[in-house]
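Report on the following structure.
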């Protein structure tokens, strides 16, 4: 059995941005720009980057909500079951359904199981995620933010998925609750043999959970490797700047490492060379050409000729 569950090969996703009077698209938004990626069985792959880099678009692609404009998205196996846990638990739960029906809705859609079977499953999953079974007839508004996210996690588990995409699973929660949810996810992964794709702009969350980390910038992966390597000794200039931007009391940012431009380039007209060229403090001759993802000696994949 292959250890690779999902494979992306040179995937691009474009959205129409402007049309002429004939209805023909004249301008596109380039959300994903040539991603090559393999997701392995049992791992947690962290996806990190600033707002607008394409993280959530990648999540929608993995879930099948979007199709590639170019390239291939391959799922190994005949029936690869995937689920998603969303950023805001309240908006992702039906306010008119009791919790037991919310948790078992994927099972009802797939198999039309009896109410007795679904109630039994809801009670079992509720215990696993830390919700008391006697609360299952309540509506979502009766729960706190952390409890709602536990309900969303239980719903994702109900169809026995192979892969769960976690799109900012703790960003809408209080700090005191975030660690509880992360620890719950780790426990469930061990018990169910799950594979996670964890999407976040919070480097601390990525550091806590991930086996590998992919750093995204303007719809591309610029650095991919072991989480410990990437987060402690970043090789790509963008990764280093991203980590240096985290608040630190006794670690001022070196002047030569300041961004040349603070604004993220637009994604309607892509840069001609390296996508980070206009902002990179190390930009020099050779950076004006497109950079491909190359493998370094330590096994990391980088999109920067200077860091190889």
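Note that Cβ sites are derived from N, Cα and C of the backbone, with glycine treated the same way.
Per Swiss-Prot, the feature domain 'ABC transporter' maps to 8-243; the stated evidence is sequence analysis. Sequence annotations record features per position, and here Swiss-Prot assigns ATP binding site to 49, 50, 51, 52, 53, 54, 55, 56 based on sequence analysis.
Structure coloured by features recorded in Swiss-Prot.
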| residue | record | CB count, 10 Å |
| --- | --- | --- |
| 49 | ATP binding site | 24 |
| 50 | ATP binding site | 15 |
| 51 | ATP binding site | 8 |
| 52 | ATP binding site | 17 |
| 53 | ATP binding site | 26 |
| 54 | ATP binding site | 23 |
| 55 | ATP binding site | 20 |
| 56 | ATP binding site | 17 |
> Neighbourhood of the ATP site (49, 50, 51, 52, 53, 54, 55, 56): other residues with Cβ within 8 Å of the Cβ centroid, in order?
Replying inline: 201, 216
